[in-house]
There are 4 protein chains.
Amino acid sequence: MENNRIKKIGVMTSGGDSPGMNAAIRAVVRACAYYHIKCVGFARGFQGMIDGEYEELNARSVRNIINLGGTFLKSARSKDFLTKEGRAKAAENLKEAEVDGMILIGGDGTFRGGKVFSKEHGIPVIGVPGTIDNDIFGTNFTIGYDTALNTVVEAIDKIRDTASSHNRLFFVEVMGRDAGFIALNSGIGAGAEEILIPEENLGLERLLDSLERSRRSGKTSSIVVVSEGDKIGKNVFELAEYVKENLPRYDAKVTVLGHIQRGGSPSCFDRVLASRLSIKAVELLLDGKRDQMVGMLNNEIESCDLDKALKSKPVMNKDLLRISDILST
Amino acid sequence: MENNRIKKIGVMTSGGDSPGMNAAIRAVVRACAYYHIKCVGFARGFQGMIDGEYEELNARSVRNIINLGGTFLKSARSKDFLTKEGRAKAAENLKEAEVDGMILIGGDGTFRGGKVFSKEHGIPVIGVPGTIDNDIFGTNFTIGYDTALNTVVEAIDKIRDTASSHNRLFFVEVMGRDAGFIALNSGIGAGAEEILIPEENLGLERLLDSLERSRRSGKTSSIVVVSEGDKIGKNVFELAEYVKENLPRYDAKVTVLGHIQRGGSPSCFDRVLASRLSIKAVELLLDGKRDQMVGMLNNEIESCDLDKALKSKPVMNKDLLRISDILST
Amino acid sequence: MENNRIKKIGVMTSGGDSPGMNAAIRAVVRACAYYHIKCVGFARGFQGMIDGEYEELNARSVRNIINLGGTFLKSARSKDFLTKEGRAKAAENLKEAEVDGMILIGGDGTFRGGKVFSKEHGIPVIGVPGTIDNDIFGTNFTIGYDTALNTVVEAIDKIRDTASSHNRLFFVEVMGRDAGFIALNSGIGAGAEEILIPEENLGLERLLDSLERSRRSGKTSSIVVVSEGDKIGKNVFELAEYVKENLPRYDAKVTVLGHIQRGGSPSCFDRVLASRLSIKAVELLLDGKRDQMVGMLNNEIESCDLDKALKSKPVMNKDLLRISDILST
Amino acid sequence: MENNRIKKIGVMTSGGDSPGMNAAIRAVVRACAYYHIKCVGFARGFQGMIDGEYEELNARSVRNIINLGGTFLKSARSKDFLTKEGRAKAAENLKEAEVDGMILIGGDGTFRGGKVFSKEHGIPVIGVPGTIDNDIFGTNFTIGYDTALNTVVEAIDKIRDTASSHNRLFFVEVMGRDAGFIALNSGIGAGAEEILIPEENLGLERLLDSLERSRRSGKTSSIVVVSEGDKIGKNVFELAEYVKENLPRYDAKVTVLGHIQRGGSPSCFDRVLASRLSIKAVELLLDGKRDQMVGMLNNEIESCDLDKALKSKPVMNKDLLRISDILST
């Protein structure tokens, strides 16, 4: 790998944290050590860049963190970085620190900020997709998504224990304001009766029909997985009320899984994904590339322009809705 | 063990289900097989006794269930059993089924029903304490409590990942309407900053002081564990609002753990406890005893009159509040 | 989906069991119910076909099993099925049961038996790849592989706790007699120092060099993941001895993970994979196809001739060895 | 709490590590902060005392470690401490560091060393029982034991998945060279057929009888839990061979769980136990006590002379063998 310009790389995590971010940081740091360049970690995402809060990281700094949830560099959303002044301050700090390129681990808000920053100040950035929502174009999987699916499925397994002991209906709200990836896949994995996602409004009628049909077919308990951003026009508590009114035989309960979905030790899949993507990110910088996002497409590590990643939305596999229908027969 | 009266024992689970109830049923069934008496399982607690819904259980009926959450006999709250007619119907069914004694796995509601039933119809009952709340007198531990503690602590570990990545304050509501056992022990186990329980109103001032002190001492994130039935006069959402208003530096979030606390594979402790208590319950019936509750006191399996168990409340170890204070220094 | 021939489908699991097999059976049964055809389950793989041990399965037969490890239809290796007589007996039983097509969930031994059987007796078979080893051509992932990776990584996380507390070197043997998929991916996920796989003999010298370099670079504990079928010419105990002799500063210990890798509740990934593959298998039969294997290739569900699947070996991504090298810097 | 002598306390972990040791260290440090005294942590047990390897610990040094397995102070067995010179060097270092008392977290080897050291050099020591083996007199539970039981039971749950899928017999070796606590309790919790422990030699005949009886009674798979130090005169591999020879219908396999039993995130029980014991240890020193061990007896935190703890053996509850017999009916 030839490289006559990059001598020091900065790394940060930004936006909502996700399991595997520590594995990603570790891989950036180890790849820098492997290629004999320096690495500094900025705290709290863009805010740490503005505040000049960073430290040098070597191969030993990241030992025994691959299995930890969260991000030891901490994350934050920075209002200051939305201003020209804030970004200028960040650029100044980077120059002072002699950072030749930045690796940004986060979601599309992070990448959007990074693109503007790179254009304004000429510092190359590479995005590594880290978010549990899996809502980034240019990669089949984002870091943390697989772990979040397991967390949701394990939680619903527990809820099913009590649901089936009591012949109850449970509405379980999972994360995903704009994308139904978590709801759809965890719903299938958890054996949910119905799955409500932002991408498709199946209508309240269908929900009642489906639950009624289930009951008549001999099912005594049911789980409905609901995405935060479901399009049915009711939140999870209103849904439960609506069903109780219209299907009085059902004893409907609600659970909102909340922030447990963001934490936890990353799955093997997320650790390997984070490692591969982050090494690629370092290699892209060394190779003179800039303003790219790394991703896993069809099991290969690829890269694309940040612009392209930001302009498009990942396509939900609608066939999974059909799968879910068949499985809840 | 001499026994010239008991030839068939009935078993049921009632009230809120808890992890380890299957292990308890299994132990009842296996103990019956061991002592060469018959065993029948009633579905859905008292309701199944009224509806005559039962089946004979042998040693093989309960294989591979020791590790499963919930209760395969199902549980329910029965309104019919609150009526004299309902109980008479249940007694009739028991006589028809030739059941000589009942083992009731559940909480104090279950035991109360059982006592009335035994008095009215002369059928001996033995109570086995199964509830996650640990709020039964006459035993140091109820079946399911230890598992629930682990579930809560694992969930808060995940929340702490994201809390400390984002420097946030989290309010986590756990089960326990009348008793703070879960909140107090899981709060200590999870390293919570503050713990709010039904038994003690520490006041809002103290909460604000404590959080403010923590922040000044360098803590960047905090967890407050709140029992459903906290006595502070605000629910968990109101508490978070109150803190946000009074301590604007804190970004406070709320998670309600909900029904995941009732499910899951039981811990080793709960499996062994359930097994020991349930075998004792069978042996008490064989020994001619009636209207007793089994319990574990100071690591020994004991029994006491149901009456006594129902008249008293278990004493919360208040020293744990002091422990919690010291640990959140 | 038009279908004028298939009225009843048989399903079985064969070879080493893997997490997700129950999810696969469930999906076969539910898809049959959805398409209004009958389904029978054969016990203990080919042996149950020979012994005529089967039962009809309907949508309710498979409730609450998606989360359970193992296979409720049980699995076995059948010597009788290797004989022409055995297979003839199986075919006879299938005809008597009016089974029009078989779905075989298992590995390449299972598929090989199925192909011979189909050719001899004209009964269409579809293979569903279920094995933790991921060593099947025609699919990027086999059912159970992802769960096994998580099991291994969680076990090594525990071992690392004690390894780093005691500054120890651990050799951990994982499954994989002929394929290093588990070793390579779990090794990266667990942050292993070195990974020994059947596909590549890195030599003992390199192992010693690498460990010695690690020690000098400040690492105080290390994990080496060894595939059962490593090509280095020593088993895991001999390896540990060899290292102790040649690097006396190291306190080397051995753990053989063994059969825990085959069990456990399947990951979300494996549940969704099992569901999608198995529905496709039913649809292929309904569509008049035969002697195919279903697989997931580049995130799409595909199928290929059993012949082709059996003639080829999946290709190990050798780039992962390079990744592992970089990460253990 | 009056205290006119103790101004600084040292803490270390020694012997085999156990889950909860970090929670114990954290509680020592936080209690010191609470009582306004200083705390230093010594690395690698007695060896760090000899090598003068220590650092000051404040309340913030121990944040976010309550949930981590292992011990961040590291542990070791020290040959040097067995010599008078070694201990003199340690005492010198302690005086230089102005340490007024030591808290030793470990097992009986640790306490034995501590007692000799205290006698020779007049530095008060308090022992906190941390070992997975539960083989310490003066406490019902040692730190790490409950977690180890859960680890074993979860591992055997996985093994049972594959055992019952294949109708197999599994011999599972668990830790416990001199004490059968882990084997007996995890065996009951895992639903084992037979449990072999160091305290009781049931004989090979009984094992064969029991397995044969099980098979005839319809059991198709079985688990036998074997303590490392079983008294039957055969190791776990020889046992499996013996059974295969004498009961040829059984397909017997072996799994040695090994060091996974030492690691992992501590259970809630162990975290609370570690916290309570360690706070008590600090308070004993402040109270002028010396050469004591803290323990939990009948749910209360107590202390006893180290001498007494070292002279006695904890009594195994033999009734559990009878329980195990009944449950494997």
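In case you wondered, yes, glycine gets a Cβ from its N, Cα and C as well.
Listed by TrEMBL as binding ATP are C:R77, C:S78, C:G107, C:D108, C:G109, C:T110; the candidate from C:G10, C:G16, C:G20, C:G176 that the record includes in that site is C:G16. Just one of C:E96, C:E98, C:E205, C:E228 is listed by TrEMBL for the same substrate site as C:T131, C:I132, C:D133, C:R168, C:M175, C:G176, C:R177, C:K253, C:H259, C:I260, C:Q261, C:R262, and that one is C:E228. Of the residues C:R5, C:R44, C:R160, C:R249, TrEMBL puts just one in the ADP site with C:R26, C:A27, C:V28, C:V29, C:R30, C:G191, C:A192, C:E193, C:K219, C:T220, C:S221: C:R160. Of the candidate recorded positions, C:R30, C:D133, C:M175, C:T220, the one lying closest to C:G107 (ATP binding site) when CA atoms are compared is C:D133.
Largest CA to CA distance in the substrate binding set (C:T131, C:I132, C:D133, C:R168, C:M175, C:G176, C:R177, C:E228, C:K253, C:H259, C:I260, C:Q261, C:R262): 33 Å, whole number. With respect to their backbone Cα atoms, C:G109 (ATP binding site) and C:K253 (substrate binding site) stand 35 Å from each other.
Across the domain 'Phosphofructokinase' (C:8-285), the prediction's mean pLDDT works out to 95.
The shortest Cα-Cα distance from C:R262 (substrate binding site) to any of the recorded positions (C:R30, C:S78, C:D133, C:E193) is found for C:D133.
A distance below 8 A between C-beta atoms marks C:R30, C:G191 as the binding-site residues from C:R30, C:G109, C:G191, C:R262 lying next to chain A. Listed binding-site residues: C:S78, C:K253, C:I260, C:R262. Those with a CB under 8 Å from a CB in chain D, in sequence order: C:K253, C:I260, C:R262. By neighbour count, meaning other C-beta atoms within 10 Å, the densest spot among the recorded positions C:D108, C:D133, C:E193 is C:D133. Put simply, of the binding-site residues C:G16, C:G191, C:T220, the one whose Cα is nearest the Cα of C:R177 (substrate binding site) is C:G16. Taking the C-alpha positions, the distance from C:S78 (ATP binding site) to C:T131 (substrate binding site) comes to 17 Å. Around C:T220 (ADP binding site), taking its Cβ as the centre, 15 other Cβ atoms fall within 10 Å, counting all chains. Within 10 Å of C:D108 (ATP binding site), counting C-alpha to C-alpha distances, fall the following of the binding-site residues C:R30, C:T131, C:G191: C:T131.
Checked against C:M175 (substrate binding site) by C-alpha proximity, the recorded positions C:R30, C:D133, C:G191, C:T220 yield C:D133 as the nearest.
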